[in-house]
Amino acid sequence: MEFDAALLALPVKMVLVAAIVVSGSLVAQKAGPFVGGLIATLPISAGPAYVVLAMDHGPAFIAESAVGSVSINAVTVIFAMTYAVLARRGAGGLGSIAGAIGVWLLAALAIRTMTPPLWFGLLVNAAALAVGVPLARRFSRVVIPASDGPRPVDLMLRALAVATLVGVLSVVSWHIGAVASGILALFPIVISSILVVTHRAIGGPAAGAVAASSVYGLAGFAAALTAVHLAAIPLGSAAALLIGLAICVMWNGMLFTLRLRRLRRVAAAA
């Protein structure tokens, strides 16, 4: 697709992305921290962003973008745990998210200057998860107060933020290259908006629990991105993205099923 044609299709892409984000956010806000964390790590933002990239570029571009995304996924683990720590220590909603995004941006800049290979991304993911998962268990154990859910204005702002990200990505991907596009596609806009709204509605510990719970889903997201990289050239962009989506859904579905079984065992033993 030529650049001018991509610009003409941009408003449609942004509207579709906004609709997806609103739907996903409603479910995440109502379902509690563990499920909210799992939903936040579904490709609600990255998925549409990659679809836009696939519409604008070929499979080789998608494969290379996924390499950058694999590395930045480890940074998102660090982002989530930074937010959880700051929120639990009373930094406030804006302070917590500013600190977490600051850490993400610094690490993303370092990765952009390195242009790391796939093996490096997998290695840093393993290291980040080795530290993040034990911390996630600690920070996700909180009592969550009742909430009426997000206000309509919160949903509108969240949808606008993600749609804007997709719009920016669609335009700048023609100029910044594949790896940088893969990094930008994983900017944690969805989870950030969920955390800010949750923090304001039901407090820092609850928002920290959502952030901590997202670490479990990010493990599957790393696997999904790796699959996209490996499948894009031999199978095509569409098939690769569908495989990545399937891995995300199956991984988070497995985590949800295991969680339900554990809760049932605890209830039966009580």
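Heads up, the Cβ atoms here are built off N, Cα and C, so glycines get one too.
Note that TrEMBL annotation is computational and uncurated.
Copied over from TrEMBL, here are the features:
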type: TRANSMEM; residues: 6-27; note: transmembrane segment
type: TRANSMEM; residues: 34-53; note: transmembrane segment
type: TRANSMEM; residues: 65-86; note: transmembrane segment
type: TRANSMEM; residues: 93-111; note: transmembrane segment
type: TRANSMEM; residues: 117-135; note: transmembrane segment
type: TRANSMEM; residues: 155-172; note: transmembrane segment
type: TRANSMEM; residues: 178-197; note: transmembrane segment
type: TRANSMEM; residues: 209-232; note: transmembrane segment
type: TRANSMEM; residues: 238-258; note: transmembrane segment
May I ask you to check whether the transmembrane segment (34-53) and the transmembrane segment (93-111) make contact, with contact taken as at least three Cβ pairs under 8 Å and only pairs 6 or more apart in sequence counted?
no
Mind checking which residues reach the transmembrane segment (93-111)? Cβ under 8 Å, same chain, six or more beyond either end.
68, 71-72, 75-76, 78-80, 82-83, 86-87, 183, 187-188, 192, 195-196, 199-200, 204, 207-208, 211
